[in-house]
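Taken straight from TrEMBL:
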type     : residues : note
TRANSMEM : 20-41    : transmembrane segment
TRANSMEM : 61-80    : transmembrane segment
TRANSMEM : 123-140  : transmembrane segment
TRANSMEM : 147-166  : transmembrane segment
TRANSMEM : 178-198  : transmembrane segment
Amino acid sequence: MRALKCGTASGGKKCWTTNLLIRGGMLFFVGVFLALVLNLLQVQRNVTLFPPDVISSVFSSGWWVPPSCGFASAMIGVLYPCIDRRLGEPHKFKREWSSVMRCVAVFVGINHASAKVNFANNFQLSLTLAALSIGLWWTFDRSRSGFGLGVSFALLATVATQILVYNGVFQYTNPDFIYIRSWLPCIFFAGVITMGNIGRQLALYEYKFLQEKTHLE
């Protein structure tokens, strides 16, 4: 039996599925890594508090946090380029890995600021983080689809977090916005933009790889 080639219809579908799974797996592990690092920062600064029996898990975080963030990251990173294609608006702004790495660094910096920088009040902190998050979108994305997905996922993640806190899974110190901190949606928004950029860059790399492979065959 001859092997399927990516240039054929059936072979192209098989290659697309395989590459999609690989891309999703890479996004999952990136999300898990960032969740471990960033959540460790929040726990160390007593921004988030987990029950004593949960603290013994990996990096002093609930066991479900890293895989949950990993699945969300995979979904976001895969969805972004798909939405771009559906809308017929391929994202071409700053499409290189150096820009993606800078975006990750800014996202980590925003999370770091939420945990370590002291502001006069939570309202001032929330406004600052909101400005930084929108600045991150403007600097590394600037697409309407990116902004819309960022806001949508941030709202969904905020509601999900409020439900978890309400049910006692964990809690925030000094909550000021329905059981949580008012700046949390800004962190979620910045995280969505960051994972979307990573997903777009992986999709672009995959597209170029398939094009070269098809050309050689």
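Cβ from N, Cα, C; glycine included.
Not measured: the values here are computed from a predicted model.
Under the criterion of 3 or more C-beta pairs below 8 Å, with sequence separation of 6 or more, the transmembrane segment (20-41) and the transmembrane segment (147-166) do not qualify as touching, having fewer than 3 such pairs. With a cut-off of 8 Å between Cβ atoms, the residues of this chain six or more beyond the transmembrane segment (178-198) that come close are 27, 30-31, 34, 47, 72-73, 76-77, 79-80, 99-100, 103-104, 106-107, 110-111, 114, 122-123, 125-126, 129-130, 132-133, 136-137, 140-141, 146, 149-151, 153-155, 157-158, 161-162, 165-166, 171-172.
Panel annotation: around the transmembrane segment (147-166), residues 72, 76, 79-80, 83, 137, 141, 172, 175, 178-180, 184-186, 188-189, 192-193, 196 of the same chain, lying at least six beyond its termini, place a Cβ under 8 Å from a Cβ of the stretch.
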